[in-house]
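Noted in TrEMBL for the protein shown:
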- 678-702: compositional bias 'Basic and acidic residues' (COMPBIAS)
- 677-702: region 'Disordered' (REGION)
- 48-68: transmembrane segment (TRANSMEM)
- 75-92: transmembrane segment (TRANSMEM)
- 112-133: transmembrane segment (TRANSMEM)
- 154-174: transmembrane segment (TRANSMEM)
- 194-213: transmembrane segment (TRANSMEM)
- 273-291: transmembrane segment (TRANSMEM)
- 325-342: transmembrane segment (TRANSMEM)
- 354-374: transmembrane segment (TRANSMEM)
- 609-630: transmembrane segment (TRANSMEM)
- 642-663: transmembrane segment (TRANSMEM)
Amino acid sequence: PSCFGYPLSIFFIVINEFCERFSYYGMRAVLVLYFKYFLQWDDNLSTAIYHTFVALCYLTPILGALIADSWLGKFKTIVSLSIVYTIGQAIMSVSSINDLTDHNRDGSPDNVSVHIALSMIGLILIALGTGGIKPCVSAFGGDQFEDDQEKQRTRFFSIFYLSINAGSLLSTIITPILRAQECGIHSKQRCYPLAFGVPAALMAVALVVFIIGSRMYKKVQPQGNIMIQVSKCIGFAIKNRFRHRSTEFPKREHWLDWASEKYDKRLIAQTKMVLKVLFLYIPLPMFWALFDQQGSRWTLQATTMDGNFVAIQIQPDQMQTVNPILIVIMVPIVDTVVYPLIKKCKINFTPLRKITVGMFLASLAFVAAALVQVQIDKTLPVFPAAGQSQIKIINLGTDNATVSSEPPLLNVNIASMQSTGYMTFETSQLNITITSRNETGTKDFLFTAGNRHTLIFKNNGTGIVPLLLFDNVTSKPEEGNNLIRFINNLPDAINVTMGDTSFGTLTTLSASNYRLFPGGRKDNITVTGNSRPCSVISKSFGFGSAYTIIINKCSGDTLEVAYSEDIPPNTVHMAWQIPQYFILTCAEVVFSVTGLEFSYSQAPSNMKAVLQAGWLLTVAVGNIIVLIVAGASKLSEQWAEYVLFAALLLAVCIIFAVMAYFYTYIDPNEIEAQLDEEEKKQVKEEKDQEVYEKQAEADSQM
């Protein structure tokens with residue numbers, strides 16, 4: 001059955017691919033944040049495991065292709081590995097259910113290792129599934145066409161690529177929104193089970209859709225795998241060359257010619273072409289090393305930025321959508337506008353030059369990322385080092401005051417209801433004297449090293465009442481959340497509530513602990529005590545800030561509060577990431593699309609599988625490079641790591657340019673035609689020989 005001139009089975013395959021890519025990219029979009037916030041891993045471990053997973057996903061396709069071509073056939077391989085994949089996604093979803101081990105119901109898992117074990121099993125199954133299917137689905141789609149449907153087949157591949165990008169685009173928008181929801185049975189937290197559950201459900205849909213089309217597919221029998229033949233041919237050539245290493249044997253034109261004893265001329269010629277292309281692949285992994293950090297380092301960079309786009313609140317993991325959006329826009333523009341313009345300017349923009357430009361652009365994108373990182377670093381607060389302590393002083397009284405210390409490290413004037421910033425001291429003990437109007441108070445204070453403290457005091461007419469608070473904050477709040485605490489400056493004890501969160505009862509001149517609130521909101525602050533309740537709407541705290549709110553007065557039903565900023569909010573806007581995403585997407589368009597086209601144009605048609613495997617291998621190796629560089633460099637500054645990657649890629653880009661300069665383009669069809677010609681000639685010669693021999697025999701019998 002056909003529809004618009006396409007085999008009907010194609011539509012099942014395209015829908016299947018859409019769901020599968022949605023499932024994969026959706027899961028991958030929230031993965032690094034799941035590691036960081038749910039499994040509580042630090043940035044470096046999260047990045048390392050993320051790239052290990054991506055590398056696995058690109059190593060398994062080789063396995064998938066071998067199973068399909070030598071054993072099960074494409075259809076059965078896709079079905080069986082999709083089942084493995086769906087199970088993996090489901091396990092991943094279960095591993096992120098907080099209530100699984102949260103027996104004391106405090107909102108964080110009691111036994112993290114259960115969650116880690118489950119998610120690692122899930123990820124391994126997913127890597128097996130997604131990788132194993134990858135080489136089969138597109139080839140299986142290609143199999144559905146007859147030989148005379150070349151035009152439809154080419155169009156199918158572009159629709160196929162579009163469905164990949166549509167799936168990844170939608171999932172990178174949707175799964176972060178799901179993750180940002182609050183859910184849970186006993187305590188509310190980020191909804192990872194939903195963010196992993198929806199991709200799992202879609203994978204199940206993909207599987208069902210694919211099986212429904214089963215009757216209509218053209219199923220080609222497994223033909224044996226060309227990769228195995230090529231590897232055997234290379235192996236034999238090396239072995240044979242090694243056996244004949246002494247000088248008495250004549251040299252051969254190319255080392256692969258040493259396989260000619262066992263393998264036919266055609267396979268050797270085809271293998272030479274493939275190796276020529278694979279040799280050019282050697283520098284390419286460095287590009288992927290940078291490209292795949294969008295999902296790890298760049299997403300973590302976004303968590304320290306301000307995601308407030310006028311009316312919409314952007315999640316850090318949603319910034320990755322910039323890439324698929326730009327791809328959908330850029331591919332047609334580059335093809336219809338940019339390349340023709342370059343052609344008009346009489347520039348010969350060969351595929352290898354395009355790839356070189358792609359590498360150069362990717363290294364530029366990382367320079368842009370480093371510049372943004374430098375801006376972010378300027379806004380980050382400085383926390384005390386191991387032997388230091390920090391102190392901030394708030395004057396809660398109605399009079400100005402002077403605060404001094406012994407040893408004389410401290411001498412500040414603080415107006416009424418004002419506070420100082422954090423001051424850093426190399427000591428753990430200070431004798432502090434506070435003078436306000438005509439009262440003076442002196443007291444010894446002990447500080448915990450490596451921590452922040454707040455000293456609050458008030459001249460209440462009968463003397464000065466000081467109180468030292470231990471802040472217990474050692475880093476900026478993650479994920480754009482805000483930390484809020486209250487100080488009661490009323491004469492009576494009160495109950496404080498902000499939004500849905502109760503801070504409990506605060507006695508006079510005491511402070512609550514910090515509580516976490518989602519960023520970008522304004523909440524209602526309500527105070528109840530002996531008098532009737534009074535409330536006020538808080539100011540907006542931005543993202544990633546910490547504030548102390550001082551409750552000063554309750555007149556009528558209106559509350560008067562003062563704000564003291566402990567940690568400034570994220571001020572660098574997420575929109576500043578767009579330039580680096582734009583440059584990297586341009587790089588991808590000229591690099592990735594050209595790379596595959598070039599490979600296919602330089603090798604015989606039956607060798608496409610080998611090249612596809614080589615290409616995916618470059619992605620896997622690229623992700624392993626991230627592990628090695630990030631692990632070995634030990635750079636404490638993130639911007640320096642970005643610059644390091646940019647410099648490495650630039651160096652590789654120069655090497656590649658030199659390799660490309662010495663590359664001579666070939667036309668595989670011509671070489672194939674030559675081989676055909678030679679074969680024909682050989683057959684003809686053999687026939688002539690036979691005829692001649694018969695003739696000679698006849699002559700001798702006469």
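Glycine is no exception: its Cβ is also placed from the backbone N, Cα and C atoms.
The transmembrane segment (194-213) and the transmembrane segment (75-92) are in contact, since at least 3 Cβ pairs between them lie under 8 Å (pairs 6 or more apart in sequence).
Most Cβ pairs within less than 8 Å of the transmembrane segment (325-342), among stretches 48-68, 75-92, 154-174, 354-374, belong to 154-174. The largest share of C-beta pairs under 8 angstroms with the transmembrane segment (354-374) comes from 642-663, of the ranges 75-92, 154-174, 273-291, 609-630, 642-663. In terms of DSSP secondary structure, the region 'Disordered' (677-702) contains 25 helix, 0 strand, 1 coil. Per-stretch counts of Cβ pairs under 8 Å to the transmembrane segment (642-663) identify 273-291 as the leading one among 48-68, 75-92, 112-133, 273-291, 609-630. In summary, the transmembrane segment (112-133) lies against the transmembrane segment (75-92): three or more C-beta pairs, each 6 or more positions apart in sequence, are under 8 Å.
Between the transmembrane segment (48-68) and the transmembrane segment (609-630), the number of CB pairs under 8 angstroms, six or more residues apart, is three or more, so the stretches are in contact.
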